[in-house]
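In TrEMBL this protein carries:
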- 16-51: domain 'EF-hand' (DOMAIN)
- 63-98: domain 'EF-hand' (DOMAIN)
- 107-142: domain 'EF-hand' (DOMAIN)
- 151-186: domain 'EF-hand' (DOMAIN)
- 195-230: domain 'EF-hand' (DOMAIN)
Amino acid sequence: MANKAQQPPHLHLAEVTASQFLDIWKHFDTDGNGYIEGKELENFFKELEMARRGAGVDPSNPTFRERMKEFMQKFDKNKDGRIEMSELAQILPTEENFLLCFRQFVSSSAEFMAAWRRYDTDRSGYIEANELKGFLSDLLKKANRHYDDQKLQEYTQTILRMFDLNGDGKLGLSEMARLLPVQENFLLKFQGVKLTTEQFNAIFAFYDKDGNGYIDEQELEALLRDLYQTNKKEVDLQNLSGYKQSIMSLSDGGKLYRGELEIVLCREPIV
């Protein structure tokens, strides 16, 4: 049974569904960093070739390397030598490919944060199944994709399976942000910088000088600079400006309330 569990999922990519695509992705992105790269990439292409040819393949064979090079030229759009989800999602049939549909609708982290604020209607810090369904419905309408209620439900469940890491049936901000292209997912930059409730409370109180419950854009920039320096991370001013703008997309008229900031900087929203 153990060997069976380790077998890669269905790899006839010409007929893969969104759900099967998810299984393939999870199987090969073993470290969960949003890329298939290095040994993961070689293993993926090896299994792909085996599925296509119905026979074993030798990764050391020059023909294998040539085929892999051709595959990368086709799918590695940003030429960084690795495959991210949006690149591999090109294999999906048009009607299944709501991942690329999402990328067309939300092309930057700032747009993503604005969408998050719009669809987290109860300001719970999560997008729950019914809110996610509304998000996907609007997304498909904007992309002029036809769908019925059954398909919408299927897409909602697939997104939950894909990104609901803790299995609670709803998406936190960091989970939902995995829909973004990796280079746009500024939340990944905060991995290892996540704060505990106590740390967040102390930091927010420090920057919210007047105690009115929110901070402004300048205060946020100072907070992010200090956060990076405290955690011995290089401060790239251009990236810092982008992160600041993305987070401020959650604000209410330039006022960033603690509830919005805590879902970015804390592991879980504070209850």
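These residue numbers are counts, starting from 1, taken along the chain as shown.
Cβ atoms are placed via backbone N, Cα and C, with glycine included.
Caution: TrEMBL annotation is automatic and unverified by curators.
Bear in mind that the values here come from a model prediction, so they are computed numbers and not experimental data.
Between the domain 'EF-hand' (16-51) and the domain 'EF-hand' (195-230), the number of CB pairs under 8 angstroms, six or more residues apart, is fewer than three, so the stretches are not in contact. The recorded stretches the domain 'EF-hand' (151-186) and the domain 'EF-hand' (107-142) share 3+ CB pairs below 8 A when only pairs 6 or more apart in sequence are counted, and are therefore in contact.
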